[in-house]
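To start, the structure under review is shown below, and the notes come after it.
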Amino acid sequence: MAAEVYYQAIGTLQSHSYLNNLNNHQKHQNNLVRLVARDFISSNGLSTRRSNRSGQRNCCVIQSLASQTSVVDPVLSPSRSNIGDTHKKSNEAALILIRHGESLWNEKNLFTGCVDVPLSKKGIDEAIEAGQRISSIPVDVIFTSALIRAQMTAMLAMTQHRRGKQVPIFMHNESEQARSWSQVFSEDTKKQSIPVIAAWQLNERMYGELQGLNKQETADRYGKEQVHEWRRSYDIPPPNGESLEMCAERAVAYFRDQIEPQLLSGKNVMISAHGNSLRSIIMYLDKLTSQEVISLELSTGIPMLYIFKEGRFIRRGSPIGPSEAGVYAYTRRLALYKQKLDDMFQ
Ligand SMILES: O=C(O)[C@@H](CO)OP(=O)(O)O
């Protein structure tokens with residue numbers, strides 16, 4: 001008999017907490033659940049029918065055509081970690097995306113774009129909480145934008161990680177001198193570090209002449225619809241700024257050229273970036289259309305986990321907390337990593 005699984009019951013998929021659309025929250029939540037379900041289904045050879053049971057509007061019922069719907073993968077030891085494993089080539093890796101915590105300009109409701117503004121007090125707390133949520137997920141390499149709010153978020157989050165001796169270290173490759181002056185001369189110390197790579201290509205989309213303007217005042221002046229078009233349409237740029245499409249050209253190209261090879265080699269990657277650079281990357285990962293991406297909203301400081309496996313990205317939601325069992329059941333590799341951390345810190 002075919003097994004029936006409610007989408008929300010697969011581990012603890014928390015896509016809804018990742019979304020923060022103030023006006024159409026529920027509608028977008030349903031859309032995203034459908035989109036994620038569609039991807040899950042296509043990557044698992046399943047078919048769908050919509051539940052008509054009351055109270056389950058968000059649940060896309062997945063009916064397995066196969067005899068099982070297990071999300072547990074073959075045994076693979078965790079990739080390089082501080083707990084004594086050697087780095088093994090693997091076709092599976094974790095990918096964590098985090099939009100930076102609230103910045104001082106988010107707090108003031110100002111268009112920020114490429115202006116380099118730090119986190120607010122609330123943003124600092126959000127980054128620390130994000131770190132707690134992912135503290136038992138392996139991270140081998142970190143990519144951040146060149147902007148301080150994304151870098152603060154990554155570093156604050158990593159202060160919460162249970163990684164033991166590993167230390168995140170910014171790579172300075174901007175010149176030969178920077179490279180040479182930041183060299184590490186101990187192989188052991190190198191093994192105990194997590195490279196942090198800052199790339200301008202992951203920066204927030206450049207907001208042109210809107211940078212520094214108040215979002216509400218701009219809507220009052222130019223009209224809500226015009227401002228919504230500037231903020232969320234795919235291919236309409238704000239005055240002298242980048243459209244999401246333009247932002248995607250550099251952010252997705254960077255992801256494909258620099259980040260995918262890391263995942264392919266089995267390294268677990270964290271990316272700390274921005275609302276729009278991440279929307280463009282998620283559009284690529286989840287194969288969203290230019291219509292679908294309009295309703296994709298990301299909250300500040302909420303991490304999202306993907307599993308990269310056999311060339312596919314499988315969205316696994318946002319871990320609620322470090323001990324959330326469901327997240328670690330996604331793959332045996334994650335479960336083993338967490339188990340080793342638990343044993344170490346007993
Ligand atoms: O101001 C910005 O840079 C961005 C993200 O905060 O705003 P928006 O919500 O329009 O994408």
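Easy rule for this one: first residue shown is 1, then count along the chain.
The backbone N, Cα and C atoms fix where each Cβ goes, glycine too.
For 99-106, 112-113, Arg149, 204-207, Lys215, 231-232, 275-276, the entry in TrEMBL reads substrate binding site. According to TrEMBL, the feature active site, tele-phosphohistidine intermediate maps to His100. The active site, proton donor/acceptor annotation in TrEMBL covers Glu204. Sequence annotations record features per position, and here TrEMBL assigns site 'Transition state stabilizer' to His274.
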Around Arg205 (substrate binding site), how many other CB atoms lie within 10 A of its CB? 26
Rounded Cα distance in angstrom between Gly275 (substrate binding site) and His100 (active site, tele-phosphohistidine intermediate) is 8
Other Cβ atoms within 10 Å is the metric here; tell me which of the binding-site residues Gly113, Gly275 scores highest. Gly113
Out of Glu102, Glu204, give me whichever of these recorded positions has the highest number of other Cβ atoms within 10 Å. Glu204
Quick note, Arg205 (substrate binding site) and His274 (site 'Transition state stabilizer'): C-alpha atoms separated, nearest Å, by 8
Anything from the recorded positions Arg99, His100, Glu204, Arg205, Lys215 with its Cβ under 6 A from ligand 1? List those in sequence order. Glu204
Sparsest-packed of the listed binding-site residues (Arg99, Lys215) - C-beta count within 10 angstroms: Lys215
Can you figure out which of Gly113, Glu204, Lys215, His274 (the recorded positions) comes closest in space to the residue listed as 'active site, tele-phosphohistidine intermediate', comparing Cα atoms? His274
Of these recorded positions, His100, His274, which scores lowest on Cβ atoms within 10 Å? His274
Out of Arg99, Lys215, His274, which of these recorded positions is nearest Glu204 (active site, proton donor/acceptor) by C-alpha distance? His274
Closest of Arg99, Gly113, Lys215 to His274 (site 'Transition state stabilizer'), Cα positions, binding-site residues only: Arg99
Structural state of His274 (site 'Transition state stabilizer'), classified by DSSP into three states: coil
Other CB atoms, at most 10 A from the CB of Trp105 (substrate binding site): 20
Would you identify the secondary structure of Trp105 (substrate binding site) according to DSSP, in three states? helix
